[in-house]
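Report on the structure given below.
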Amino acid sequence: MRRLTMTRPDDWHLHLRDGAAMKAVLPHTVRQFARAIIMPNLKPPVRSVADAASYRERILAAVPEGQQFEPLMTLYLTDNTSPEEIVAAKASQFVKAVKYYPAGATTNSDLGVTDLRRCDGVLAAMEQVDMPLLLHGEVTDGDIDVFDREKVFIEKHLIPLITRFPKLRVVFEHITTADAVKFVLSANNNVAATITPQHLLFSRNILFTGGIRPHFYCLPILKREDHRLALLQAATSGNPKFFLGTDSAPHSRYSKESSCGCAGCYSALHALELYAEAFESVDAIDQLEGFASFHGPDFYQLPRNTEQITLTKSPWRIPDELPFPESGLVPLRAGEEITWQLGE
């Protein structure tokens, strides 16, 4: 196949940042996606409906003229989030989910939850009003190997969570292991998962090919090849429990290429083309539309998009660097050739 026309997709996990950084990256997402679930881990984080409303207005003001884009807002769950805030979030109609970060697990997560059980009152309110919970599914215990954090999170926190709240809609975000795939498949239909392009395309070997490769470093970290293959099988299976979430995370070149570099891969520029390469690698390009355009809105109980986009088999070179405050932004696979191209 040299040409694929499909329904315009959505990104169900996106970091836009704020201010000048947001203005630099938002056009990339708007070009590819109609909607996106916007992560709340700003400084300070988006903790209230008022915070979300203000951030939403800043995003809409930065959308390029003549373009359409709908930001789907989230709240940052803390130990102090109240059930009343959840009710207000649901009533707002623009807050679509609440995000759980284990304290210290990733970028700007210092104010995250210290113990998920402390949030049972809030989770009960979320279950009652049908507000989805988005999970960064890793433990942060210092004695747990970084490559095992997702598996331990499932056993220690996730299984007990869905047992306590069986009607709570849960998105296990950016899954990275065969263990996570198995869990999602075994759970009820209120549990789904997003998968990033980097976790479909690369194993952890890429981090050390020819030296340290900081622009492939993200959290959860890339895993072994057998885990990558399990994710690819899940994404291309047609199962509606799995859908697109880039976790595109812009960091300046300086903040990535340092003695203590930030976690995050930037893929918003070319995410759909990256997913197309992954799906084509296992002869499943026909399953891309479901994964990218249908499964997400169906889970979130939103209408599917109606606009069409076209991908063409037309190789192009990913830029070495993109404009970004401070020191530029290096996209995933910078300088390499990619085989699919999204039409204008």
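Even glycines carry a Cβ here, placed using N, Cα and C.
Feature annotations, reproduced from Swiss-Prot:
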| type | residues | note |
| --- | --- | --- |
| BINDING | His13, His15, Lys99, Asp247 | Zn(2+) 1 binding site |
| BINDING | His15, Leu16, Arg17, Asn41, His136, Leu219, His251, Ala263 | substrate binding site |
| MOD_RES | Lys99 | N6-carboxylysine |
| BINDING | Lys99, His136, His174 | Zn(2+) 2 binding site |
| ACT_SITE | Asp247 | active site |
How big is the Cα-to-Cα gap, in Å, between His251 (substrate binding site) and His15 (Zn(2+) 1 binding site)?
10
Taking Arg17, Lys99, His174, His251 as the binding-site residues to compare, which has the smallest set of other Cβ atoms within 10 Å?
Arg17
Cβ within 8 angstroms of the Cβ centroid of His13, His15, Lys99, Asp247: which residues besides those meet this for the Zn(2+) 1 site?
Leu14, Ile37, Met39, Asn41, Leu134, Glu173, His174, Gly245, Ala249
According to DSSP, collapsed to three classes, what secondary structure does His13 (Zn(2+) 1 binding site) have?
strand
Measuring Cα to Cα, tell me the gap between Asn41 (substrate binding site) and Lys99 (Zn(2+) 1 binding site) in whole angstrom.
9
Taking every protein chain in this structure into account, which of the binding-site residues Leu16, Leu219, Ala263 has the most other Cβ atoms within 10 Å of its Cβ?
Leu16
Consider the binding-site residues Lys99, His174, Asp247 and say which one has the Cα lying nearest the Cα of Arg17 (substrate binding site).
Asp247
I need the CA-to-CA distance for Leu16 (substrate binding site) versus Asp247 (Zn(2+) 1 binding site), whole Å please.
10
Report, in whole Å, the straight Cα-to-Cα distance of His174 (Zn(2+) 2 binding site) from Asp247 (Zn(2+) 1 binding site).
7
